[in-house]
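Data first, discussion second: the structure below is written as structure tokens.
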Amino acid sequence: MRSNSVNIETFKDMLKRYEDFKMKNKREPRVIFIRSGGGESIPLETFRDMVRRYNNFKDRYGREPRIVYVTPPEPPVPEVNENTPEYVSITQFKDMLSRYNRFKEVNGREPRVVFIYSGGGPSVSLETFKDMCKRYNQFLEENRREPRIVYVTPPEPPVPEEVREMRRVLGEFKTATQLYTLVSRRCKYKFYYNDQTPNREALKKMVTDGINCTDACQLFKPVIEGLGYSVRIEHVKVRCNDNKWYGHYFLRVAGKELASVSLPSERWTVWDYVSATKTGRPLGAPCCSRGIQHLGWGIVSPKHD
């Protein structure tokens with residue numbers, strides 16, 4: 001069959017033809033055609049199973065299904081089973097690769113799972129095995145030698161200290177957007193000129209006395225970079241509600257859910273500590289909305305890098 005399912009209208013037509021045949025011939029048909037007039041058909045046993053699953057669905061959900069599978073779909077294969085090791089030796093990996101290739105050659109298709117050891121036992125899904133092969137080939141290309149081991153699933157990268165320390169103060173976050181939300185709820189702004197506070201001290205002051213835009217940029221840049229984003233500090237002038245221009249610093253961030261890294265830096269997403277803590281503006285908006293002038297990148301004569 002070209003498809004493993006039929007829509008509900010086709011199934012009910014099959015059911016009607018099955019009942020008509022039984023009534024007319026006093027027996028069940030050996031096969032049931034998918035469509036009236038001939039063509040593709042299924043055995044009686046398969047059709048009975050379709051009827052059973054159709055009735056089960058109606059009893060359970062109080063409505064008809066939109067489709068009925070000819071044969072029930074196979075359950076999803078877990079990525080790894082509970083006994084699967086964290087990694088395999090290069091010898092073991094190459095044995096898995098050999099068995100995978102042999103299966104393809106013999107059966108004309110890929111296996112649903114690849115066993116870690118010949119003869120059964122722990123296994124990985126086809127998708128996981130393909131990822132193992134991709135990482136093996138990348139290592140080979142980059143290092144011009146085979147790895148000693150291949151991880152079944154890649155290990156989590158170590159969390160940078162700056163991210164760990166920020167999570168200790170603000171709580172859990174995984175993205176720059178989530179971090180911005182936490183900053184808007186927990187942190188404070190304090191006006192003063194230039195950068196005056198080392199990062200370790202600023203980490204404490206941001207939730208007590210408050211810090212300014214310069215110290216905030218120096219504090220949050222390595223944190224957001226540690227989450228996997230590209231970050232630059234932009235030096236600007238902003239015009240506020242009093243129509244005066246003020247010097248200001250904020251972050252431009254790209255990657256993941258924010259602006260694309262392929263865009264020029266001046267089009268990356270604005271991540272402004274003062275917007276979050278003082279003026280209550282959303283992520284992507286600078287603290288003042290009456291005007292903005294770009295002055296440069298990075299902090300002028302920083303005291304605390």
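In case you wondered, yes, glycine gets a Cβ from its N, Cα and C as well.
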Range annotated as region 'Pseudomurein-binding repeat' in Swiss-Prot, from 121-152, 153-184: 121-152
Among ranges 3-34, 259-290, whichever one Swiss-Prot labels region 'Pseudomurein-binding repeat': 3-34
Tertiary contacts of the region 'Pseudomurein-binding repeat' (87-116), as residues 6+ beyond its ends and Cβ separation under 8 Å: 74, 77, 122-126, 129, 132-133, 136, 146-152
Contacting positions for the region 'Pseudomurein-binding repeat' (39-70) when only residues 6+ beyond its ends and CB under 8 Å are counted: 1-8, 11, 14-15, 18, 28-33
His248 (active site): tally of other CB atoms within 10 A of its CB: 23
Non-local residues, at least 6 beyond the ends, that sit with Cβ under 8 Å of the region 'Pseudomurein-binding repeat' (3-34): 40-44, 47, 50-51, 54, 64-71, 73
Tertiary neighbours of Cys213 (active site) (same chain, Cβ under 8 Å, six or more apart): Tyr189, His248, Tyr249, Phe250, Asp272, Tyr273, Val274, Cys287
